[in-house]
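The structure appears below as structure tokens.
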Amino acid sequence: MAVTIHQLRTWKEQGRPISVLTAWDFPFATLLDQAGVDVLLVGDSLAMVALGYPTTLPLTLDEMLYHAQAVTRGVNHALVICDLPFLSYQESPQQALRSAGTLLQQAGVAAVKLEGGYPDMAKTVHYLVDRGIPVMGHVGLTPQSVHQFSGYRRQGTSDVEADRILQEAIALEAAGAFAIVLEHIPAPLATKITQTLTIPTIGIGAGPGCDGQVLVTADMLGLSAWQPPFAKAYTNLQESITGAVQQFCDDVRHHQFPQ
């Protein structure tokens with residue numbers, strides 16, 4: 001049975017952790033879905049892991065739409081959520097509605113995710129939710145603000161920062177967000193936010209106290225040349241793929257394939 005937004009809230013109430021991974025194409029989406037992941041996020045991290053951009057900032061809405069369409073074609077079970085890319089929603093709530101509507105209508109995703117909190121993004125979330133667009137929030141380290149943060153630094157380390165992030169999360173829930181990603185913040189802060197909100201929190205580099213956990217699939221599978229300190233590689237596909245390709249090339253050169 002397909003995972004729904006309502007199911008995520010039920011799982012939070014039951015204390016059942018939520019698994020989330022990123023996807024950017026049909027083959028990976030199919031495999032991850034068949035393996036039983038709860039949520040697939042078509043994350044703007046695909047800018048780096050699939051398209052070779054240095055940050056998420058160059059990714060366009062058209063590129064995101066292309067990848068979201070590929071992902072939804074491979075999914076039968078997981079809830080598919082898609083990031084709104086940089087500058088596709090910050091200008092106005094109306095711009096955000098057009099961008100989100102494109103992804104829901106043309107790619108078939110169930111919801112969108114946007115970065116930031118109070119006050120502007122909370123207003124945008126409210127605007128979208130009022131018009132039937134389910135929205136996931138994202139606070140803490142928001143990668144689209146990488147230059148403003150002077151890198152991918154941990155957020156919420158001071159009392160002032162921690163209170164700001166907490167208030168942003170509260171505002172996003174009040175605006176109608178159905179869940180919130182908490183990225184690269186201290187574990188006690190993430191736990192406090194999780195206990196304060198009635199909607200699910202999904203952590204990445206935020207400790208074990210969240211309602212669920214998300215990893216970039218390329219990091220989880222050992223495909224990334226570099227991965228953040230809070231990621232965990234469950235295998236080393238980079239090594240496996242390199243070895244397989246080298247073996248194929250060697251077989252061809254020595255007339256071992258085909259036989």
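Keep in mind that glycine also has a Cβ here, set from the backbone N, Cα and C atoms.
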Out of Asp44, Asp62, Asp130, which does Swiss-Prot tie to the same Mg(2+) site as Asp83, Glu115? Asp44
The recorded positions listed are Asp44, Asp83, Glu183; by CA-CA distance, the one closest to Lys113 (3-methyl-2-oxobutanoate binding site) is Asp83
Packing count at Ser45 (3-methyl-2-oxobutanoate binding site) (other Cβ atoms within 10 Å of its Cβ): 21
Given the binding-site residues Asp44, Ser45, Asp83, Glu115, which one's Cα is the least distant from that of Glu183 (active site, proton acceptor)? Glu115
Distance, Ser45 (3-methyl-2-oxobutanoate binding site) to Glu115 (Mg(2+) binding site) (CA atoms, angstrom): 13
By the 10 Å Cβ-neighbour count, the most surrounded of the recorded positions Asp44, Glu183 is Asp44
